[in-house]
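> Quick paste of what TrEMBL says about this protein:
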- 91, 113, 115: Mg(2+) 1 binding site (BINDING)
- 113, 116, 280: Mg(2+) 2 binding site (BINDING)
- 116, 117, 118, 119, 208, 274: substrate binding site (BINDING)
- 5-193: domain 'Fructose-1-6-bisphosphatase class I N-terminal' (DOMAIN)
- 198-331: domain 'Fructose-1-6-bisphosphatase class 1 C-terminal' (DOMAIN)
Ligand SMILES: O=P(O)(O)OC[C@H]1O[C@](O)(COP(=O)(O)O)[C@@H](O)[C@@H]1O
Ligand SMILES: [Mg+2]
Ligand SMILES: [Mg+2]
């Protein structure tokens with residue numbers, strides 16, 4: 001069978017299924033090309049001179065790596081001139097970036113985490129890019145942060161790239177989850193898995209155990225039961241993995257089942273979780289739901305949360321449905 005490139009896949013989604021319009025197709029193409037460039041920059045490692053700290057901080061007070069800044073610039077430049085956007089926003093920029101005037105005005109808003117898991121970059125562990133596409137609200141000609149404050153259920157597309165042993169692009173247009181592998185020789189993303197489904201049964205969990213003393217009671221109970229293994233109420237052993245790159249951890253969960261938690265904890269009441277709602281939690285939750293899983297804060301479906309700020313943080317519990325439902329139940333009872 002002929003390999004199906006991302007370009008051909010998107011054309012079919014547009015022409016045969018009528019699922020997307022030409023603008024959204026081109027927008028996804030532009031983002032995928034930017035991910036290819038980021039993959040090349042990462043692949044060069046120290047030879048490209050892009051490892052290490054950039055010596056600056058982002059709006060959230062996090063030290064930026066050179067590759068955080070470079071990945072942001074790559075996405076910005078690609079979309080500024082090639083995209084079909086009204087504005088874009090990023091983890092690495094305080095405010096949204098309007099797209100220079102063109103007529104007609106772009107229909108979409110793009111929000112991204114240009115380099116996810118960047119603490120792993122200097123130790124050669126998988127990192128990624130996460131993105132989410134929203135519609136620009138009607139009547140808004142110059143979108144500011146307010147235009148981006150839409151619940152995740154309104155996303156029209158979301159995806160992530162994992163820069164690991166392979167570079168993968170995982171995409172949803174609201175009609176299942178599809179995986180594309182970068183053919184490095186050809187320079188194109190090739191469809192490698194259609195309609196990815198999260199396995200329902202799981203014996204793996206992902207959480208940063210070093211935060212255990214800060215967790216709230218429902219998460220203490222849930223993880224405690226998993227760790228108790230055959231001697232506990234679950235009566236079987238569970239395994240734990242934590243890459244500390246959300247893309248890599250969530251990709252593993254999507255592929256072989258499991259649950260990923262970055263829960264709210266008791267350290268700092270101004271930070272209800274570590275991960276960002278608009279460009280980490282929402283796109284990943286959309287993908288996970290489209291693959292048959294679930295995503296919750298513990299109290300609420302993530303995709304129903306009304307954002308209050310562009311860089312808002314939130315608790316994230318996502319993965320195999322039964323496990324996420326169990327943790328949510330514990331939030332009602334503990
Ligand atoms: O170091 P910790 O606390 O385990 O946090 C790991 C989490 O932080 C993140 O690295 C945050 O993402 P950024 O690198 O984009 O800031 C996630 O990818 C990951 O799940
Ligand atoms: Mg991130
Ligand atoms: Mg990042």
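Placed from the backbone N, Cα and C atoms, the Cβ positions cover glycine too.
For the listed features, I'd like the structural context: burial, neighbours, distances.
Over all protein chains present, the Cβ of residue 113 (Mg(2+) 1 binding site) has 29 other Cβ atoms lying within 10 Å.
For the recorded site, residue 116 (Mg(2+) 2 binding site), the DSSP three-state label reads strand. In the shown protein chains, 29 other C-beta atoms lie within 10 A of the C-beta of residue 116 (Mg(2+) 2 binding site).
Listed in sequence order, 64, 65, 67, 68, 127 are the same-chain residues six or more apart from residue 118 (substrate binding site) with CB atoms under 8 A from its CB.
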> Roughly how many Å separate the Cα of residue 117 (substrate binding site) from that of residue 280 (Mg(2+) 2 binding site), to the nearest whole number?
11
> Which number gives the other C-beta atoms within 10 angstroms of the C-beta of residue 117 (substrate binding site), all protein chains shown included?
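Summing over all protein chains shown, residue 117 (substrate binding site) has 21 other Cβ atoms within 10 Å.
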